[in-house]
Amino acid sequence: MYFPQTHNKNYCPSKSSQIKEATGFGPIFEEEPLDTVYAEDSPENKISMNCRARANPPAIIKWWLNNWEIKLMEQPDEHFSLVGGNLVITNPDKGKHAGKYVCVAKNVYGTVISKEATVKFGYLNQFPTDERESVHVKEGQGAVLLCSPPSRYPSEVMFRWIYNDFPNFIIPDQRRFVSQTTGNMYIAKVEASDVGNYSCFVSSPTIGKSVFSMPISLIPQIESAPEWAEHINDTEKDVGSELTLRCVAMGKPLPWIRWLKDGYSYGKGELKFSSLTFEDSGMYQCIAENEWGTIYASAELRVVSCAPTFIYNPVKKVLLGAENGRVVIECKPRAAPKPKFIWKRGSELLTNSSRMLIWDDGSLEILNVSKSDEGSYTCYAENDRGKSNSTGTLTITEATKITEAPSDTEAVVGDTTILQCSASFDPSLDITFIWTVDSYVINFYTDFEHYELLMNSGDLLIKNIQVRHAGHYSCTAQTIVDNATAEADVFVKGLPGPPGGVRVEEIGDTSVKLRWSLGSDHGSPLIQHVVQTRDFYALDPEDWKTASTSPVFLDRSTESATIVDLYPWMQYEFRVHAINEFGAGENSSPSIKIKTWDARPTVAPSDVLGQVGISGELIVTWTVRVFFFGKKFGYVVAFKQHEDSEWKWTTVEDPETRRYVYKESMTPDTEIQVKVKTYNNKGEGLSSLISVVDSPRLAPTEAPLDVYARQVTATEALVWWLPIYQIRYWRKYDDNEAAASRVLVHRAINQTRLENMRPDSHYLIEVRAFNGAGLGPPSEHCEMFTRRPPPSRHLRVYKYVSFNRKWLYLYWDHIYNYWNESYVEGYKILFRKEGERYGKLYTTGRHYIDFPMPETGDYIIEVRARCEGGDGPISQIRVQGEYCLLHISKDFIFYPPHSSCSYPNHVLIITK
């Protein structure tokens with residue numbers, strides 16, 4: 001039989017599949033869509049959802065939105081367009097385009113579905129413009145400033161507070177704390193220096209937007225006359241400009257503000273001028289007053305006009321521009337009123353053209369600059385008061401260009417790879433390289449674990465690459481004049497991604513039908529899928545167990561299975577993961593919790609015991625697993641005396657009960673039979689085995705005779721007596737007799753094993769007869785000593801396989817006992833198949849042993865020291881058989897479930 005070479009060591013194709021592989025293959029995702037948050041006021045009015053699949057013949061790409069296919073051919077849409085396999089959404093609309101997107105790739109060999117990607121619209125509204133109420137607090141007490149942030153999405157934002165003016169941010173310290181949950185700022189022990197105006201500043205890193213609130217005044221509650229916190233100063237202003245005059249005063253109660261101009265009343269609160277005139281000049285007085293006093297602040301307002309001057313803001317003397325680039329030369333003289341602007345290059349007058357534009361504020365813009373544009377540029381500004389000019393020299397530098405661009409790269413998880421990036425640039429300038437991945441700027445100081453910028457180059461080193469490092473990389477060569485950018489994609493092969501959309505479709509009493517969508521194979525073909533389940537009684541959130549399925553083996557293309565061997569009326573949830581050549585991938589999100597249908601109980605109670613009490617009452621106890629199989633679960637307890645033909649029975653409706661007492665007195669010295677069965681709303685279950693109880697006549701009156709004990713290990717002993725009986729044992733000098741350990745033994749047995757004893761200890765042992773009526777007198781105390789414990793250290797085990805792989809050699813380091821440990825007499829070696837509890841046991845006095853190499857399967861070899869005080873701790877070593885057993889069905893070959901034959905030495909083929 002011929003098997004073609006494949007990269008998948010766990011897959012052997014059938015004859016029909018060999019023909020298919022010779023001509024083509026089904027779609028495999030190389031890039032899947034990612035969750036996206038689009039800022040509603042973003043200047044870039046489009047969203048790109050990427051999807052790329054490798055297939056032969058090429059796959060047809062389709063997109064689904066919220067479980068509806070986007071039919072671009074049948075129903076053209078002005079918003080949707082397909083670029084390659086990528087879905088581009090132009091002018092996105094929240095009502096139409098928010099939701100879950102799925103990419104579907106299809107050719108003649110099959111269809112694959114990408115993982116779901118969610119498109120959500122992000123926003124950060126403005127704070128209300130209403131004035132915020134002041135916060136009054138006594139000095140030395142705590143204060144809370146409420147942020148009351150505006151509505152937003154996503155909700156993850158960063159809160160800061162501005163003190164008086166932007167960007168004077170409050171730095172949290174031992175006295176001041178800003179909650180990143182509510183945005184509120186807490187101040188402990190307010191001081192006089194805390195007085196001022198505070199604004200809550202909210203930043204959304206996801207959409208790159210920030211807003212801040214109207215100011216909140218913090219004012220200490222002190223009974224005092226007004227004091228100025230902020231008052232007017234003499235502030236000379238240009239004619240036609242805007243101006244706001246404001247005074248802030250402190251006091252208790254809060255002072256009110258009024259104004260005088262040249263001695264006459266002129267208003268209250270703030271004074272605002274939208275366009276100053278010469279008539280607004282004069283002497284202004286701000287008056288703050290409360291019942292404790294009045295204060296004044298005075299200032300002169302002088303409205304002036306002036307000729308243009310470049311003294312404060314001249315044109316830059318040295319101007320740089322990159323060849324074929326864009327240059328803007330600013331011209332911002334001080335002038336009142338606003339001047340007119342004229343530009344000259346040398347003596348040449350410049351006017352607006354396709355390459356040159358004089359802006360309204362006087363700046364000059366030049367497009368597609370070249371060496372011929374170099375020279376002196378002069379800005380002339382003139383108004384009715386005069387004119388002035390300022391000159392700068394423009395130099396054109398060589399444009400920055402990428403000379404060696406990064407190329408698309410494929411890597412395996414854990415690899416190290418380099419993305420090259422080199423650029424040519426003007427030698428008079430310095431250059432720096434900036435790398436981004438999926439628009440995220442790589443910070444080489446914080447991301448050093450995986451990213452490094454190589455010295456004296458722009459090359460990016462990616463170390464210990466992970467699946468999350470796959471993406472679209474961009475290299476930007478940046479100078480102070482211009483920049484150039486090149487891009488490449490990095491694909492990472494590794495563990496499979498999580499399957500998606502795990503859901504239960506059909507529910508039975510012991511089985512369910514489970515369905516899921518294939519996850520990404522991350523560049524390595526999937527081998528199989530594994531379903532795990534967790535029931536209601538799992539104590540640990542990660543207590544998942546591998547489920548039994550039909551079919552038993554879930555191959556790489558399987559998207560549904562029947563989960564069998566479940567308990568009726570039990571709550572379950574399910575998850576799925578895939579396996580490829582790199583191992584088991586990430587688990588899917590759990591399915592929603594479901595409950596299987598109810599059914600008649602199939603498990604009978606166990607450990608049914610009966611006992612007749614001192615008053616003659618019958619006491620019946622039992623154990624049962626906690627699975628109820630349905631509603632109205634309970635027990636039927638039945639009993640009868642041996643000579644009776646009819647059973648007496650009663651129901652116990654509490655499912656948590658494990659005990660029943662029949663209070664009528666039983667006939668003394670009589671054999672009684674008892675049994676218990678379960679029931680629920682679907683019917684009765686199986687009965688337990690019959691247990692026999694003897695009702696005693698009187699309590700025992702004789703003590704047991706000939707009590708004898710001998711040690712077995714460091715923690716166990718055997719004790720003999722003449723029947724029947726309760727055994728008590730305790731350490732002679734270290735334990736309280738009242739807290740002694742107890743063992744109950746049937747009268748037909750005259751020996752038992754005592755367990756959980758302390759090593760190297762002196763024990764007293766006592767035996768008493770007992771029955772339902774009580775305990776008899778104690779025997780004489782038997783004294784014994786337990787043995788010393790075995791060494792507690794693990795053996796270091798080594799293995800060696802012969803060159804012809806016919807023999808397996810095991811050896812280990814010999815363990816020597818300490819003074820307080822038992823002597824090592826030899827070693828025990830257990831050779832068992834993986835997953836099985838029992839195997840073949842060997843003993844030896846040496847510290848090595850050899851075995852014939854097993855042909856198939858995986859084996860566990862356990863080695864432990866053998867001592868008179870018991871066996872030491874187990875050391876394990878795993879062995880893989882010489883052959884890996886494969887099963888061949890009609891169409892394909894597959895490995896048994898849970899096989900670890902990923903890299904077999906030989907293959908043993910069994911055809912069916």
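The backbone N, Cα and C atoms fix where each Cβ goes, glycine too.
Copied over from TrEMBL, here are the features:
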type   : residues : note
DOMAIN : 27-120   : domain 'Ig-like'
DOMAIN : 128-217  : domain 'Ig-like'
DOMAIN : 220-305  : domain 'Ig-like'
DOMAIN : 308-395  : domain 'Ig-like'
DOMAIN : 400-491  : domain 'Ig-like'
DOMAIN : 498-599  : domain 'Fibronectin type-III'
DOMAIN : 604-698  : domain 'Fibronectin type-III'
DOMAIN : 703-791  : domain 'Fibronectin type-III'
Number of helical, extended and coil residues in the domain 'Fibronectin type-III' (703-791), per DSSP: 3 helix, 43 strand, 43 coil
Contact check, the domain 'Ig-like' (128-217) vs the domain 'Ig-like' (27-120), 3+ Cβ pairs under 8 Å, seq sep 6+: yes
Mean of pLDDT values spanning the domain 'Fibronectin type-III' (498-599): 92
Helix, strand and coil totals (DSSP H, G, I; E, B; other) for the domain 'Ig-like' (308-395): 3 helix, 47 strand, 38 coil
Residues of the domain 'Ig-like' (128-217) by DSSP state, where helix covers H, G and I: 3 helix, 36 strand, 51 coil
